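Down below is the structure, laid out as structure tokens.
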Amino acid sequence: MRRRHSGPLAREVGLWVLALIWSIPFFFLIVVSVKPTAELFSSALQLPSRIDLGSYAGAWQSGHLGSALVSSLVITGGSVLGIVALSSVAAYTLARREGRIAVIMGLLFLIGIVLPSQLGLIPIYSLFKKLHLLGTYTGLILLNVSTWLPLAVFLYTGFLRQLSHEYEEAAQIDGASVWYTFLHVVFPLLRPVTGTVAILSGILIWNDFFNPLVFLSGTGKTPLPVAVYSFVGNYATQWNYVFAAVAIALVPALLFFIFAQRQLIQGFSGGVKG
Amino acid sequence: MTSQNSRNVLGVVRPSGERKRPNPPRHVPPWAWAVPAVLLVFLARYVAAVAGGWYAFTDWNGLTPTANFTGLANFRQIFTDEGARGALLNTVKFAACFVVLTNLVGLFLAVALNQHLKTRYLLRTVFFAPVVMSQLATAFIWRFLFDYSGPVNGVLGALGLESLKKTWLANPTWSFWAVVVVLVWQFSGLAMVILLAGLQGIPQEVEEAAEIDGASSWQRLVRVTLPLLAPALAISIQLSVISGLAIFDTVMALTNGGPLGATETLATQVYKQTFVFGRYGYGTALALLLTILIVAAALIQQLTTRATERRNA
């Protein structure tokens, strides 16, 4: 397509050198995780004499990573669904309406992006206690949705503002209701930004450590980061076990990203190009 | 349609810079659609923040049923306490380094990987991969890399630079930069992706026209690409300012704020004062200070972005 750029081999090689440097932490993550325990205290640069997957089995079992994986999936899946459902309709309303109320709502979400959540932590904690939401998936999912809604609304609104109204008008001239139009015409057009919102909030929630620590501790529903953290606490110097646990927790997120990376970039660009 | 357009003729002037939009559809979505999101955000973010923020003006310790109103005493203490002032200074230093370095590296990677290199998708994946890791996992890996008997010192030793070996994370000067290195490694990929998205929105013809006019690749970057990239750059900077000021997980897992408070930030102090030392009122005052800092930084950035856009319009 771009002929003028064909063959910048030197640049590609240069970038690969940088990429290799960037991958050094991953290299050690893998290498150390398969090191036999007996070789842990040899030089850090020493490659393992054989590949020992015992640390993976050990971390999986004694770290309860299986049930943590299920928890992570439930929490992340539920939260992302909630965020996409609530933010897309809210952003559509905001983007298609004008006037003072729309401006105030826009500000509410905009400031909501930057408000740190620490201030509200204790009031929410005691409210959840009263409502018996403490230690439940529902409680944490509600909290996650409220935390990431503002950013999602912001991304959706930006995209919607640039989206042509023609499709909606055509649907409505054909007699479609507002709800039908949104569900069958607008929402499918939002696919790129829905992808961005889902991936971005999915990654952030998947990796969230602090909120599950506070709201799910000691329930057996703790997700991967908390499980890995408590596992590491017990095996502080057993780097092969620590790294095996870290690698297990990393795989789903990495797979998800590899499949979704083009979507992510498209959605950020905030516009459908015809 | 025509009757609506004529309103513009009658003197309804659009603010400059705003894109001309088609007329709104006849049926707009009802306000009720926004209610669940607005309610949830309002209650969980704003009401909760106000309810929690009130404790910043009390001496509550988290246990007693009542809290005594102490006015601005907590804030006076923050500005006289050397530890808290250090944490405030570190927060600003971390944020500044974080914003500048992640965006510079991200910009470099985005421009480089926007070309049609054969392996560009693979390269993007490599640079973005750290972003999908939890900050906790990243910190564990780097703790190993920076360990005294770890690979960083191992390489220095192998190069004959024994004298440069350090306990990186326990060194009052170097621990700060070690944390910065980890943050830049982890988050430059995010800036890259946002800026790549912006670059893909720039029509190819614009750059080609500049090339035909004889602009060098540096001139094209500075005069053509960067100005068109401004909106994406604004988003990227905004996100990095917010997250840079609130850095928590990485510091806690790498250095726990040490040594001697060298990497302590407001966020780590909020956590420690509140949950470790049980000084709930004081911790909340720190959280309020952090909130004000973040909101102010975000607002200043919004205003400068708008002003620049208006000037360019």
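Using the three backbone atoms N, Cα and C, a Cβ is placed for every residue, glycine included.
Heads up, TrEMBL stuff is auto-annotated, nobody curated it.
Features as listed in TrEMBL:
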type     : residues  : note
REGION   : B:1-25    : region 'Disordered'
TRANSMEM : B:31-57   : transmembrane segment
DOMAIN   : B:88-301  : domain 'ABC transmembrane type-1'
TRANSMEM : B:92-113  : transmembrane segment
TRANSMEM : B:125-145 : transmembrane segment
TRANSMEM : B:174-197 : transmembrane segment
TRANSMEM : B:226-248 : transmembrane segment
TRANSMEM : B:280-300 : transmembrane segment
Stretch of maximal Cβ-Cβ contact with the transmembrane segment (B:226-248) [cut-off: under 8 Å; candidates B:125-145, B:174-197, B:280-300]: B:174-197
Beyond the flanks of the transmembrane segment (B:125-145) by 6 or more, those residues with Cβ under 8 Å of it: 109, 113, 151-152, 169, 178, 181-182, 185-190, 192-193, 249-250, 252-254
Residue numbers, six or more beyond the limits of the transmembrane segment (B:174-197), whose CB comes under 8 Å of its CB atoms: 90, 93-94, 97-98, 101-103, 105-107, 109-111, 113-114, 124, 127-131, 133, 135, 138-139, 142, 146, 166, 168, 229, 232-233, 235-236, 239-240, 243, 247, 250-251, 254-255, 258-259, 262-263
